[in-house]
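J.: Here's a structure for you.
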């Protein structure tokens, strides 16, 4: 016997092999298993005895016949007991014949049978035939035999010859309802509570609720009845009332169970189903009062509100319960939405509850944390139906609109603080906004006149007038609501910016997102109102906190950028606004055509109803505004009346079928309609505000304004060329804030406008901020590469070149390497053809030549760059050095070719100037230690030495020859002879600069020829011709006249003495009686021409040449005779001679410095020229004999030099100032001796002189800060005297002297306080004290008070202390005047003294008036404050005055007199203004 079925067969193996290749879904119900994992286990059978689960007795296993129907111990075992089925009742009828025939049945069995219907005999079948779809199995194993199932029989639907009409069908539905009522019952007594299919009896056996099956059947019946309105009148109201009573009772009981957390039945599902039944009955539109009981509506709503309130708790518990609740809630609210949409009127209390419930659903925050896509969809569905319901309530109940808006606004805290898509409402492809903005836009669009207009047919004039009035009222309500929303949001945000800023940001972002979509036509009105509010924040009369202004500016920038998007996206003229339509009425039809296209688009929109109506009404708004522009014109009114009539007629006509346009295609058309909106018209005020904010002192505002401009420029690069924008950008590049400058530069980069702004960009090439300098450097490189203009290239290259003196090594290295790459390395770029190499080479030559025109400073920098970097072999690799060498050789060849081409051709002035510049470049190349000029080059240039053209061309050729002959050798003798002949023959016709090159060149030629005979003859001839003049100077100095020959002889003699090391022998100089050195002899000759009686022109030339010889032989500065000449000139000499001496000394010091730099830096790797000088100062000063002489000369004449710096003639003073800057840079003097003069020079009326002195003072501050503060008092006094002396009538026009010093010295808070103390001490101790002579200093006091009014203060305490001091001084002067009035009236006191005191007193009073006015103070306020208020005042900041704000009014001081000092009329006029008590 087999122990199991299939034993000894292959059936088990076949089954396992077959199943190994088949899905097991039909065997293992995975869906049900997954549900079981999370579903709590419930025991459906409650056992009172555990016998059924006792262990099997051992003897049972030993029973010889295991399969037996007679179990062991049958008599002793207890029977199994089963739990009563749900809904089963025990109130069976004993008289039932069917049950009576079944004796021995238990009570439960009888009850079950009594509630069971008899089965129809036709339903009894022998076997069950399944209609389930069979899977077609594939044969995997060859030896498995499978029987294919029979094909499924195709069942054809029979066509009934009888068709029921809808009324008959409705009657069938009513009968179905009546059959259901047999079980529900007309009342409690007739209800079939025992039928568990329709009723559920709770544990107390006295409470009954509808079953799920019953509710489902009610849903089906009522849905069918609702589809056939014709049978609604046949419904029995009492039947409906019974159903509603049962449903309300069911909902109430279920809600109680849910609150008690009882889960024996699905109470939630039953309550939702019952609520839907109630709402279905409401939809039947039965006006019977019996169905209008409050409980019928309030109980379901109470349940829905409870469910909505508990969604978050349910979500926190986890599981899929919340998803199920949301699905049921959505279905129920969907039915309720149908009800309120059709209901003409709702109770106010009901509306309030509905608004509360829907608002909580829409603005719930727990949904922000949902990650499940399915759950997000359910939440979105519920929020959508909630927003639709709110919109319906808003439309149907105008009196509740503000309440609805306020309720939504009360939930602003619930807005998402990020733009996460799962937290927002999807309104289109990749477009999302917050649910708050969605519902606000939706309800605001309800405010329209479409329905009003649709009721008009061919309106007359009166009706049109009423229409316009109605439209105005609607617009007024809409604008009021929009303002209320905006004010609430702004108030919320500004109350705590850090906490609620996201509310404002989200709202603005939402509005700018939808403003270009025709589905949301109200958004432009909201943005216009919002922008107007934000612009008002920057009203100067009501200044707000900087954080508020910053937030507002960010919003303004986003809105302004959106306006520009609209202007650029429009397919119409950007200026086609209302003014344009007023001037060109024929364009109105084109605008309305665009509107019709947008309306056609809206008809295809999902939410087309309200947007369509509002968009249509915007046409009406356009016509209304056009009418307001000229109310009185009858012709204009007549034209518009026709437009009004046409518009009203169009509402009754079908729209033209437009192409199926998408959001992208409709954008240009809709933007063209927006051009007439108020929002677009605010673009100009917006732009003006942004530009004005660039001039504010608050850096945060300026930075924000720049970001706004950046948004605009990124969209429209032509924005930078708008005159107002361009002018503002240019002005702001001089801004004091590095961040602002850098941001402005980024704006220019954004607009790709480098070349157009290249000059303004380079205003900041030497800015204090490394960030700005690096930015300018980077932009200059781009400009250089992008432009083809040689002048622009040279300009930016010069600025790059200046950065080799930067204090940052990174900038230095960048500047040097970039110039090397562009000027040198680019010549022979890899794989470049010879033609391209020549082209690159010539570009570099032209740029460098143009650059060298920039002055001595730029020439020195280029020479430094060339010698100390380009030709510094230690700074480059071996390959780079080879490339540099070959490139410079090619460069030199091309320079020579270009020089020859220019000279050979008939060129214009511009090309001629370019040729001179190129020749200057060649002279710089020739000065390099590694000369790239060959003998062939020298020979090629020789013919041009004979040119008689008076220009610098010959000078540069002489420089090239001089430098080259010092390095090259082995020239042909004939060439050397001819060249020497040419040079010597042209010496008498050369100017001073040419002589300085030609004479050393002649001496070099004589050494190459090893024959100095000819140059000695030339020198002897010169000295011989000079002898008669020396004789006259000895015997009769006054007889020496300044003729041209004598001047030229002096220069020639000096040149020979400086550059030629002659051997004074009788053979070479037979006419000289002395055999001393030629330079000594010439020095004595020059001393003869420096006598006092010699004409000052000759004296000036002789003194200049004397200093030049001494510069060549510095030991002459130790000569008593030379020093006597210099002492005399500085003590009592003429100014022009003093300036000549300074210029000569300047050249001497410069030459000494250059010599030191070359000694140290040729093979060095020092970063900058400044650093190189420091190395020179540290290592070679002690070794240089001449350095001591330089310092001694400066110390000897420093006082005279400083006085010359402060003379009234600014042009002459500039010579001394340049010399002062040089000696400070080279360290030839004690800086403390110069600081007061440097401070005084910052009061100069000349802007260049002010800038130069400010630069000098800044350098002194960096190295000697304490010393600078110690000298500040003296510097202010010296500067005051200088300012009054240099402009005695207009000294008061400069009120920024102290302000400039404050900006330079206030590098930190301590220094700012220190500066104020020094200034206060200077003013009150040195000028406003009892020991001052006011006749001499009253103008100084006016000047100081003018400047004192413009300095800034850190806090109110500093300002108050200053004003208190001024008030006390004012009282003192008032007493002084009173003391002297009697004496003046009796002629005992002079008018000079009295008038000076009056001027001082009035200037102090005017200062008080100005300060009180600018800082909104008064003397009364000052008197109320005491020492206890100091701490509060110290914590209050003081707004700095604008540079453009005026200062003291001189009319109030001078009383109309040009010179009040020593003027009796002035004194009497002042006395006449005094009160009797003051006299």
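Including glycine, each Cβ sits where the backbone N, Cα and C put it.
Pasting the relevant annotations from Swiss-Prot:
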REPEAT    681-718  repeat 'HEAT 1'
REPEAT    720-757  repeat 'HEAT 2'
REPEAT    792-829  repeat 'HEAT 3'
REPEAT    1117-1154  repeat 'HEAT 4'
REPEAT    1229-1266  repeat 'HEAT 5'
J.: In the repeat 'HEAT 1' (681-718), how many residues does DSSP call helix, how many strand, and how many coil?
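T.: Each residue of the repeat 'HEAT 1' (681-718) counted once, the result is 31 helix, 0 strand, 7 coil.
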J.: DSSP on the repeat 'HEAT 4' (1117-1154): how many residues come out helix, how many strand, how many coil?
T.: 35 helix, 0 strand, 3 coil
J.: Kindly report the helix/strand/coil residue split of the repeat 'HEAT 5' (1229-1266) according to DSSP, in that order.
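T.: DSSP classes over the repeat 'HEAT 5' (1229-1266) add up to 29 helix, 0 strand, 9 coil.
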J.: Report the mean pLDDT of the predicted model across the repeat 'HEAT 3' (792-829), rounded to a whole number.
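T.: Here the mean pLDDT over the repeat 'HEAT 3' (792-829) amounts to 92.
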J.: DSSP-wise, what's the residue breakdown of the repeat 'HEAT 2' (720-757) into helix, strand and coil?
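T.: Per-class counts: 28 helix, 0 strand, 10 coil.
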J.: What is the three-state DSSP composition of the repeat 'HEAT 3' (792-829), stated as helix, strand and coil residue counts?
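T.: Going by DSSP assignments, the repeat 'HEAT 3' (792-829) contains 31 helix, 0 strand, 7 coil.
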